[in-house]
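Student: Sharing a structure below in structure tokens format, with a few things to ask.
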Ligand SMILES: O=P(O)(O)OC[C@H]1O[C@](O)(COP(=O)(O)O)[C@@H](O)[C@@H]1O
Ligand SMILES: [Mg+2]
Ligand SMILES: [Mg+2]
């Protein structure tokens, strides 16, 4: 069997139209090896899940590894043609080389609540054109459809890079002995038939009627309106849920809910929803804010949150229909009705 292609060779033959974009992907992959090595050591490398006593721009408590990952990727991006970085862990944008053509939005460490639990965590990135002559934020406050590339790294049983430069979505896995990422799956296509959903069901009572009804319908299984038995998974690291859905299908939901500060959900548009949306659309999937296409949303600020639904296109579209179709019958099943006897 021929050896799978290295990331470098792949980028040379099938990379972006603009080699600057490939350079960013290569630098992100390179720096991720350092973070992977730190994660593999767990507490032997120090107490990575300890709070640093700071909050990030979004009010989340920063963990030691959040800050290490932010510093590592931001420094590494100095070796790529990057003008600006926007990061979950920085209130404002960071200028690297003002004349460079690209801007990168980063979630340096996704799934921070899992750092101490030996569960997969990751890094998410989005590549945009830099807009010279404007303030730092202007390059980022554009709809996600303007992304030139995007991807994520997952630090799991395997360290993998999922990336797109708008020519399909591809998966590379780190060969630790050689320190090289090699092609694991080219042109991923999401399995449409898989009946599996990912949602933090502990928030059920806070969701709106449409989200509850969709999940009720999944729970109703083959006797319900979806006519199929659904399985459930929730890892609380979006990268891990996303990877699973990419390779075997399903749907991910983090909707807005009634908790204070959660009206727009938890996930951030620029460095979580947009890159995931591009990766999934390039793999024949879809991503919405429950109704609207994520990639068409014009951001108002760097750390804006958005409800997020992504995965197999038919399932994502169905969730949108539950929100938009006024004829949708919430009362059709007495057992699962929120207007029925069980929930007056
Ligand atoms: O703890 P909850 O509310 O289930 O939220 C889990 C979600 O939050 C996140 O951890 C947010 O990302 P960060 O860890 O980068 O803040 C996602 O990875 C995950 O899907
Ligand atoms: Mg995150
Ligand atoms: Mg994060």
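Keep in mind that glycine also has a Cβ here, set from the backbone N, Cα and C atoms.
Just so you know, TrEMBL annotations are computer predictions that nobody has curated.
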Student: Pick from 88, 137: which one does TrEMBL list with 107, 109 for the same Mg(2+) 1 site?
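Tutor: It is 88, as the record lists it for that site.
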Student: Which candidate from 3, 222, 272 does TrEMBL annotate alongside 107, 110 at the Mg(2+) 2 binding site?
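Tutor: Mg(2+) 2 site check in TrEMBL: besides 107, 110, the record includes 272 out of 3, 222, 272.
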Student: Give the residue counts of the domain 'Fructose-1-6-bisphosphatase class 1 C-terminal' (192-323) per reduced DSSP state, in the order helix, strand, coil.
Tutor: 58 helix, 21 strand, 53 coil
Student: Determine, from DSSP, whether residue 111 (substrate binding site) sits in helix, strand or coil.
Tutor: coil
Student: Starting from the Cβ centroid of 107, 110, 272, which together make up the recorded Mg(2+) 2 site, report each further residue of the same chain whose Cβ lies within 8 Å of that point, ordered by sequence.
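Tutor: Checked against the 8 Å cutoff, the neighbours are 88, 109, 122, 123, 124, 152, 238, 239, 267, 268, 271, 275.
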Student: Could you list, ordered by sequence, which of these binding-site residues: 109, 110, 272, have a Cβ under 6 Å from ligand 2?
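Tutor: List returned for ligand 2: 110, 272.
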Student: Averaged across the domain 'Fructose-1-6-bisphosphatase class I N-terminal' (21-185), what pLDDT does the model get? Just tell me the whole number, please.
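Tutor: Looking only at the domain 'Fructose-1-6-bisphosphatase class I N-terminal' (21-185), pLDDT averages out to 94.
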Student: Output: those binding-site residues from 111, 113, 200, 272 whose CB lies less than 6 Å from an atom of ligand 3, in sequence order; none if no residue fits.
Tutor: none
Student: Please report how many Å separate the Cα atom of residue 272 (Mg(2+) 2 binding site) from that of residue 107 (Mg(2+) 1 binding site), as a whole number.
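Tutor: Checking the Cα atoms of residue 272 (Mg(2+) 2 binding site) and residue 107 (Mg(2+) 1 binding site) gives a distance of 7 Å.
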